[in-house]
Amino acid sequence: MAAPMDRTHGGRAARALRRALALASLAGLLLSGLAGALPTLGPGWRRQNPEPPASRTRSLLLDAASGQLRLEYGFHPDAVAWANLTNAIRETGWAYLDLGTNGSYNDSLQAYAAGVVEASVSEELIYMHWMNTVVNYCGPFEYEVGYCEKLKSFLEANLEWMQREMELSPDSPYWHQVRLTLLQLKGLEDSYEGRLTFPTGRFNIKPLGFLLLQISGDLEDLEPALNKTNTKPSVGSGSCSALIKLLPGSHDLLVAHNTWNSYQNMLRIIKKYRLQFREGPQEEYPLIAGNNLIFSSYPGTIFSGDDFYILGSGLVTLETTIGNKNPALWKYVQPQGCVLEWIRNIVANRLALDGATWADVFRRFNSGTYNNQWMIVDYKAFIPNGPSPGSRVLTILEQIPGMVVVADKTAELYKTTYWASYNIPYFESVFNASGLQALVAQYGDWFSYTRNPRAKIFQRDQSLVEDVDTMVRLMRYNDFLHDPLSLCEACSPKPNAENAISARSDLNPANGSYPFQALRQRAHGGIDVKVTSVALAKYMSMLAASGPTWDQLPPFQWSKSPFHNMLHMGQPDLWMFSPVKVPWD
């Protein structure tokens, strides 16, 4: 006879885990021809509890006699690298990763070790995040053979080109940092798969392994460039809001960001890295400028992806996605001569001391993928309670395929007292080249830089920001049922939960009428907020809240939502978390 249905919370979790494991097994079978996209389960999955403990620390040690690497529990000061994961997802919506490397060892070993220890403390979260987000990518149930083969070939060719460039330029700081980034990814994947083999020469990165977690943003543009039938971003799909606010009298400069993403991506980790890498491969090079950094991130991802970083160099770097709607530009997306955005992002954060240098590093080898508006705030140039320094406080960069435009916008920040970013290009040349004029002609002001709903809400409400708490309030704002700026005249019903600083597209009626897909009901919206200030950034800290906004709206609850059948392993059912000050010791 059939076993009785277990309707308890634990029973539902167990059924979800069994379903996920079955999917994982099937995915491994179907994807074996494409290099096996699903990584082998880590040793943590031999335990009964699918979630990590409240706290876990591990160190990677090098045995001097044998030359072997080994993982040990706890902190060991002579280790190559160490990491602690504090799992507070059920309490705050966040886990916290604190990772450090030992400058007594060479950079390459440090980088590999950083990946190893991160995977060793977060393997359960990595597995669940993989299952929630990318297990079906290129199979088993959404499998476009032609596209997946093209993607695999593109990534293999790009990895091979970068390996050649690293070999041709062994003394280059740029390529040294690219190599360290790939070694960190290699260590992450090796550790998760239960092997520790430090590569001394060339090394391989699986094109459809953990690289998929790093290139989530790049895929938004690789998909249309490689002619995928069903592409990731829908027309008008927003991906983040950001606000930089100069307070009256210049007594503070606040930087805030909220990420718009699928709700399946809500397994979150705030990470702190302390990396003792040198700028270049020789001992005489100084330490990288951005060797200390904190950022909002995801399991198995070695950069932010949101993106939001506080750097020890005094910079805060963040972006919102602008995309590309001009098919003629996809010709610039090629595997040779380009470095994917996720790597350029990391390298710029490591090497730059100011906004201009950051832009110079980032714009090299433009891939035309993960096309964003970047904001680089330099707190070193900001004078609290003082006049405008004239330049250097705010640098804006916009990238699309074949084009990168950069400008110092300090003067504009001091004139208007704010800079808002909401997925539409600021520079006219980028706006026109990316094909947005056609969308304005077809759909109206929704795609306009100055008349978009978020542009108007920011313009109306930015003056209400007085401190970090009121900044959080604005960045979580969504009163779509009552705010006239949230109305969509071509929609039925007209109030639309996408038209807010922090979207809640799950609240749009499923049976409504909408002019384009982004305005429909989706398991998508603003899933966090991060805010920093002069004082917070000085101590590498931020105020952060995880999950969809619930300030003016009912909190999101998986079990009561239209999307309760979506896989969301490891996530709380009810998302009703208040902001927390990130607790670094």
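Every residue, even glycine, has its Cβ placed from backbone N, Cα and C.
The disulfide bond annotation in Swiss-Prot covers Cys138-Cys148 (among others), and the record cites similarity to another entry as its basis. Cys138 (disulfide bond) falls within neither a helix nor a strand when secondary structure is assigned with DSSP, and so counts as coil.
Same-chain residues at least 6 positions away in sequence with a Cβ under 8 Å from that of Cys491 (disulfide bond) are, in sequence order, Gly512, Ser513, Tyr514, Pro515, Leu519. Classification of Cys491 (disulfide bond) by DSSP places it in coil, neither helical nor stranded. Residues or ranges marked as disulfide bond in Swiss-Prot (evidence: similarity to another entry): Cys488-Cys491 (among others).
In this structure, Asn84 (N-linked glycosylation site) is part of a beta strand by DSSP. Within 10 Å of the Cβ of Asn84 (N-linked glycosylation site) there are 20 other Cβ atoms, across all protein chains. Summarising the annotation, Swiss-Prot assigns N-linked glycosylation site to Asn84 (among others).
Look at Swiss-Prot and you will find Asn102 (among others) tagged as N-linked glycosylation site. Mapped onto three states, the DSSP output places Asn102 (N-linked glycosylation site) in coil. Neighbour list (Asn102 (N-linked glycosylation site), Cβ cut-off 8 Å, at least 6 residues apart, same chain): Asp78, Ala79, Val80, Ala81, Gln110, Gln276.
Long-range Cβ proximity for Asn106 (N-linked glycosylation site), meaning a same-chain Cβ under 8 A and a gap of 6 or more residues, is found for none. Taken from Swiss-Prot, the feature N-linked glycosylation site applies to Asn106 (among others).
Annotation note: Asn227 (N-linked glycosylation site) sits in a coil segment as assigned by DSSP. Swiss-Prot lists Asn227 (among others) with the feature N-linked glycosylation site.
For Asn432 (N-linked glycosylation site), applying a Cβ distance below 8 Å and a minimum sequence separation of six or more within one chain yields no residues. The N-linked glycosylation site feature in Swiss-Prot is assigned to Asn432 (among others); the stated evidence is sequence analysis.
The feature N-linked glycosylation site is assigned by Swiss-Prot to Asn511 (among others), with sequence analysis given as support. For Asn511 (N-linked glycosylation site), other Cβ atoms within 10 Å of its Cβ number 6.
If you look up Swiss-Prot, you'll see 1-35 marked as signal peptide, on the strength of sequence analysis.
Secondary structure at Asn511 (N-linked glycosylation site), as computed by DSSP, is coil. Sequence-distant contacts of Asn227 (N-linked glycosylation site), defined by Cβ-Cβ distance under 8 angstroms and a gap of at least six in the same chain, are Tyr147, Lys150. If you compare Cα positions, Asn511 (N-linked glycosylation site) sits closest to Cys488 out of the recorded positions Asn84, Cys148, Cys488. Rounded to a whole number, the distance between the Cα atoms of Asn84 (N-linked glycosylation site) and Cys148 (disulfide bond) is 36 Å. Cβ contacts within 10 Å of Cys148 (disulfide bond), excluding its own Cβ and spanning all protein chains shown: 21. In three-state terms derived from DSSP, Asn432 (N-linked glycosylation site) belongs to a helical segment. Here Cys138 (disulfide bond) is positioned 35 angstrom away from Cys488 (disulfide bond), judged by their C-alpha atoms.
The Cβ neighbour count for Cys138 (disulfide bond), using a 10 Å radius over every protein chain in view, is 22.
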